[in-house]
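Peer 1: Can you read through this structure? Questions will come right after.
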Amino acid sequence: MPIKVLSSLDVARTQWYHFKAIIVAGMGLFTDAYDLFCIAPVMKMISHVYYNGDSINTAVLSTSYAIALLGTATGQLVFGYLGDRVGRRRVYGLCLIIMILSSFGCGFSVCTTRRSCVMVSLGFFRFFLGLGIGGDYPLSATIMSEFANKRTRGAFIAAVFSMQGLGILVSSAVTMAVCVAFKRSGGGLEVDAAAPTEADLAWRLILMIGALPAALTFYWRMLMPETARYTALVENNIVQAAKDMQRVMSRSHISDEATTDPPPPPPPPSYKLFSRCFFRLHGRDLFAASFNWFLVDIVFYTSNLLLSHIFSHYSKKPSTAENVYDAAFEVAELGAIIAACSTIPGYWFTVYFIDKIGRVKIQIMGFFFMAVIYLVAGIPYSWYWSKHEHNNKGFMVLYGLVFFFCNFGPNTTTFIIPAEHFPARFRSTCHGISGAAGKLGAIVGTVGFLWATKKMESDDKNQIYPEVNRMRIAFLILGGVCIAGILVTYFFTKETMGRSLEENEHDQDNNAESEDEPQIVDGQSSVSTLLQTR
């Protein structure tokens, strides 16, 4: 009986509720991207306000970037686990509340000692901001995968993730608008060491605006019912699952497919998380999802840091002509160009092709083309690209393709695959583990890049700079990371296109039974039991 109810999800036509779920779930990813990527121009403004235009100390800068990523990794682990323990819906709203409060907290990072105390306060609130952002990752992916039908599930999850591209674009647009407005109001018109006092308000305003999209969707997120798969397979409440599906899918006959008797107590799971049986059944999938996410985030976050330094290196604008607003505007403008020309198209190419050619092929293709681009840019960098200014546009276009193939490739598929591989009672937890591994890769790429490119000058000041040999080495290392991603994907990642979430678990349980494991024979998984009712 339960399998009939869940089959209704897999064969359901695309309805308005699917698009509503994309918007509600995607707005969390929109907020995530806004908050994580607005920090680059904000740190540029802080360097003028609190450091008199000098580069921020490398230790402070790397900590500022890493603290939110560390919070994100923590949130993915904690809220991913809670999503399986107490339900997706109950935890979903809590993540949004944390993001809203932390965004406002970042804007109110004030203290009498100014520089040091403000940075500590900002880091404190950005950790909790990352905590909420991290929780949103596994919950958004899991909720969308469990609501979607199997024909277009990949496109729906990719559409949710594509809201990150819009978040990056809006983050850049808001930053540019704030900079223009404050500059025209009279502050920062001249090039001087001391930034106007209004600039201290400008960067705070940019951070606090990030709370608005989350606040606007909080009401709609609270109206979302629990997913039918969690209710049916984890709570074993088939009647409630049918009622929830009837509410959102406009199918009155769904409730007739469910029994009207009180639901029996849920059967004990045949194996526990991180048990020997779990690793035998799902260890390969968890390794592939986690390691691929780790690799792609090294590339993605390092590429974003390299971006501003590469383009400023090729830019003909004199660096001495920047004031506090121009400095932040230039960084935001660059982010907007990349988002509009490379990042967003990459996301939507994935939305269109993900259910046509599959997750694995797109992931391998993305890693492959990124590896080619990095090697083509890296091998001749010291003797060609760095010495031929007439090719600067060609180099910028080439480097922009990295972001296209990253998003029409592993950056999106690593978000999708963990939401499809694992049983319902472990799905959110395993997605959180995979995402946390990715954020550890982001920390490695971010902190490693900042320290690898640190330069000590005669006046003992630190600054980041595109030194030729180190840039070449960075490109070659990133190319090698992409090649590693190809190998891990090819040998360890399994395709999930066109298959229901239950079919994936059913096949794995059948494999376990064929090996005559007493643990599986004595207690089958809940999905295997449901499938036998056909």
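Glycine is no exception: its Cβ is also placed from the backbone N, Cα and C atoms.
Found this in Swiss-Prot, in case it helps:
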- 1-21: topological domain 'Cytoplasmic' (TOPO_DOM)
- 22-42: transmembrane segment (TRANSMEM)
- 62-82: transmembrane segment (TRANSMEM)
- 83-90: topological domain 'Cytoplasmic' (TOPO_DOM)
- 91-111: transmembrane segment (TRANSMEM)
- 112-123: topological domain 'Extracellular' (TOPO_DOM)
- 124-144: transmembrane segment (TRANSMEM)
- 145-153: topological domain 'Cytoplasmic' (TOPO_DOM)
- 154-174: transmembrane segment (TRANSMEM)
- 175-199: topological domain 'Extracellular' (TOPO_DOM)
- 200-220: transmembrane segment (TRANSMEM)
- 221-281: topological domain 'Cytoplasmic' (TOPO_DOM)
- 282-302: transmembrane segment (TRANSMEM)
- 303-333: topological domain 'Extracellular' (TOPO_DOM)
- 334-354: transmembrane segment (TRANSMEM)
- 355-361: topological domain 'Cytoplasmic' (TOPO_DOM)
- 362-382: transmembrane segment (TRANSMEM)
- 383-396: topological domain 'Extracellular' (TOPO_DOM)
- 397-417: transmembrane segment (TRANSMEM)
- 418-431: topological domain 'Cytoplasmic' (TOPO_DOM)
- 432-452: transmembrane segment (TRANSMEM)
- 453-472: topological domain 'Extracellular' (TOPO_DOM)
- 473-493: transmembrane segment (TRANSMEM)
- 494-534: topological domain 'Cytoplasmic' (TOPO_DOM)
- 501-534: region 'Disordered' (REGION)
- 510-519: compositional bias 'Acidic residues' (COMPBIAS)
- S514: phosphoserine (MOD_RES)
- 522-534: compositional bias 'Polar residues' (COMPBIAS)
Peer 1: Going along the chain, which residues at least six beyond the ends of the topological domain 'Cytoplasmic' (145-153) come within the CB cut-off of under 8 Å?
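Peer 2: Distant Cβ neighbours of the topological domain 'Cytoplasmic' (145-153) are 9-14, 17-18, 21, 88, 227-230, 248, 355, 416, 419-420, 424, 427, 498-501.
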Peer 1: Please indicate, using numbers and ranges, the residues of the same chain that are 6 or more beyond the transmembrane segment (124-144) and have a C-beta under 8 Å from a C-beta there.
Peer 2: 21-22, 25-26, 28-29, 31-32, 35-36, 39, 64, 67-80, 82-83, 88-89, 91-92, 94-99, 101-103, 105-106, 109, 153, 156-157, 160-161, 224, 227, 415-416, 418-419, 427-429, 431-432, 435-436, 439
Peer 1: Report the listed stretch (22-42, 91-111, 154-174, 334-354, 432-452) having the maximum count of Cβ pairs within less than 8 Å of the transmembrane segment (62-82).
Peer 2: 432-452
Peer 1: Under 8 Å between C-beta atoms and at least six residues away from its ends: which parts of the chain pack against the transmembrane segment (282-302)?
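Peer 2: Same-chain contacts beyond the ends: 69, 363, 367, 370, 402, 406, 410-411, 414, 417-418, 421-423, 426, 430-431, 433-435, 437-442, 444-446, 448-449, 474, 478, 481-482, 484-485, 488-489, 492-494, 508.
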Peer 1: Examine the transmembrane segment (334-354) against the transmembrane segment (91-111) and state whether at least 3 Cβ pairs sit under 8 A, considering only residue pairs 6 or more apart.
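Peer 2: No, these stretches are not in contact.
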Peer 1: How many of the residues that make up the topological domain 'Cytoplasmic' (145-153) does DSSP mark as helix, as strand and as coil?
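Peer 2: Result for the topological domain 'Cytoplasmic' (145-153), in helix, strand, coil order: 4 helix, 0 strand, 5 coil.
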Peer 1: Given the transmembrane segment (397-417), which of the listed stretches 154-174, 432-452, 473-493 has the most Cβ pairs that are under 8 Å apart from it?
Peer 2: 154-174
Peer 1: Take the topological domain 'Cytoplasmic' (83-90) and find every residue of the same chain, 6 or more past its ends, with a Cβ under 8 Å from one of its Cβ atoms.
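Peer 2: For the topological domain 'Cytoplasmic' (83-90), the nonlocal Cβ contacts are 135, 138-139, 142-143, 146, 224-227, 230, 234-235, 425-429, 432.
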